[in-house]
Amino acid sequence: MVIDITKKYPELKEIYELTVNHTIWRKKECINLIASENVMSPLAMLLYLNDMMHRYAEGKPFKRFYQGLKFVDELEVKAQRIIGELLETDYVELRPISGTIANATVFKAFAEHGDKAVVVPVQAGAHVSHTRYGTLGGLGIEQVEMPFNIEEWNIDVDGAKKVIEKVKPKIVILGGSLYIFPHPVKEIAEAAHSVGAKLMYDVAHVLGLITGKVWENPLKQGADILTSSTHKTFPGPQGGLIATVTKDDYKKVSKIVFPVFVSNHHLHRLAALAVTGLEMKYFGRQYAEQIVKNAKAFAEALAENGFKVIGENKGYTESHQVIIDVREHGGGAKNAKLLEEANIIVNKNMLPWDKPEDIKNPSGIRLGVQEVTRWGMKEEDMKTIAEFMRLVVIDKRDPKEIRNKVIEFRKNFLEIHYGFKISGEEETKLLKIMLHGEV
């Protein structure tokens with residue numbers, strides 16, 4: 001498809017084609033297994049295209065520095081209530097525009113330059129923002145790693161307690177970007193609170209599993225603060241949030257969000273976030289349960305196809321993630337590229353035994369099933385995907401040959417599940433409203 005105006009302006013044609021080609025490729029022709037991505041429902045996407053993307057708001061609802069925000073203010077409060085209900089707290093801050101900004105806000109609110117934070121090792125899953133190389137280090141806070149038990153694929157609780165007692169950090173950070181089992185919140189909370197530290201749990205990857213009630217809510221287990229993005233297992237627009245147990249902690253983070261890290265907070269995402277929150281309220285448990293079922297089935301199928309899947313002794317996974325060690329097949333970077341040629345999208349990932357210099361071609365590949373689950377795939381489909389991966393990585397078949405199989409397979413999964421359904425006619429009407437204000 002080419003629109004007429006692109007014939008007159010070649011530069012515009014290139015921009016148009018890159019955008020359209022990407023959309024068709026990723027939405028209709030790929031199997032996306034990136035653990036940090038998801039897709040919104042058509043209703044959420046259409047409401048994302050609203051006039052609020054052109055508008056500015058500084059401050060909190062009904063206390064803004066700009067006029068013209070009466071509907072925005074009501075919408076933001078409504079979105080806070082929806083997310084708060086899902087997380088069982090009255091204290092939700094939606095203004096962070098990413099998970100990293102949410103993390104930075106908490107770090108700044110509860111620690112100062114020169115203070116210490118105890119975190120999960122980066123090779124064992126800590127997000128880069130939790131490290132000396134990222135946001136934590138940028139704020140001058142010292143990263144101290146807690147020990148990790150590779151056999152259990154989880155934090156070494158006794159070792160972590162000793163580290164916390166010894167260094168007396170201001171913040172202890174759980175969660176991250178690579179983890180397949182829940183972190184031990186109660187035990188670590190006791191240790192953190194015994195030295196006066198705040199326990200922050202970065203639930204970006206598992207927010208949908210928590211709001212879907214298949215993972216326990218860390219705020220009910222002893223965590224003081226949750227930070228998160230809103231677009232992984234929680235299938236909303238890209239953005240961030242902070243939730244706290246107490247009003248005092250909420251006030252502290254709110255004073256830091258604005259004006260320290262955020263001025264305007266990308267208002268157009270609020271409607272899509274609220275819609276996704278309602279979708280999780282009504283369909284979230286079914287969605288989250290299927291995610292975990294699919295992840296377990298995928299891990300088992302990968303193992304049966306000859307892959308070295310992490311966590312076998314623990315049932316492989318309790319989350320959306322599956323981790324494979326592909327050292328014997330050439331490493332994570334090489335195989336991620338080969339799989340991309342076959343339209344299977346994954347990412348390389350460091351594993352606990354990797355050294356810092358291995359970052360360009362680490363041992364692992366991280367896989368996530370939250371998006372394919374939203375496209376309606378079930379356990380049997382995980383077996384098919386595992387076979388596609390075996391053909392590329394282990395059997396060394398031509399990725400282009402497998403690509404054709406992948407494209408054909410994806411034709412069966414073009415409708416988003418676990419969300420509100422609207423008709424094609426309603427989509428067209430809503431699009432006209434969003435683009436032109438036509439009612």
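First residue shown is number 1, and so on along the chain.
Positions of Cβ are set from backbone N, Cα and C atoms, glycine also.
Under the heading (6S)-5,6,7,8-tetrahydrofolate binding site, Swiss-Prot lists Ala126, His127, Val128, citing sequence analysis as support. Per Swiss-Prot, site 'Plays an important role in substrate specificity' is recorded for His231. Sequence annotations record features per position, and here Swiss-Prot assigns N6-(pyridoxal phosphate)lysine to Lys232.
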Simplified DSSP label at Val128 ((6S)-5,6,7,8-tetrahydrofolate binding site) comes out helix
Cβ density check for His127 ((6S)-5,6,7,8-tetrahydrofolate binding site), other Cβ within 10 Å (all protein chains) comes to 26
The most crowded of the binding-site residues Ala126, Val128, judged by neighbouring Cβ atoms within 10 Å of its own Cβ, is Ala126
CA pair His231 (site 'Plays an important role in substrate specificity') / His127 ((6S)-5,6,7,8-tetrahydrofolate binding site), Å rounded to integer, equals 16
Rounded Cα distance, in Å, between His127 ((6S)-5,6,7,8-tetrahydrofolate binding site) and Lys232 (N6-(pyridoxal phosphate)lysine) is 14
Excluding its own, the Cβ atoms lying within 10 Å of the Cβ of His231 (site 'Plays an important role in substrate specificity') add up to 26
DSSP, reduced to three states, assigns His231 (site 'Plays an important role in substrate specificity') to strand
Cα-Cα, Ala126 ((6S)-5,6,7,8-tetrahydrofolate binding site) versus the residue listed as 'N6-(pyridoxal phosphate)lysine', nearest Å, comes out at 16
Taking only the CA atoms, the spacing between Val128 ((6S)-5,6,7,8-tetrahydrofolate binding site) and Lys232 (N6-(pyridoxal phosphate)lysine), expressed in whole angstrom, is 17
Same-chain shell around (6S)-5,6,7,8-tetrahydrofolate excluding Ala126, His127, Val128, C-beta within 8 angstroms of the CB centroid, reads Val119, Val122, Gly125, Ser129, His130, Thr131, Gly134, Gly176, Ser177
For the residue listed as 'N6-(pyridoxal phosphate)lysine', the same-chain residues 6+ apart in sequence with C-beta under 8 angstroms from its C-beta are Ala35, Ser36, Glu37, Asn38, Ala204, His205, Val206, Leu207, Gly208, His320, Gly368, Gln370
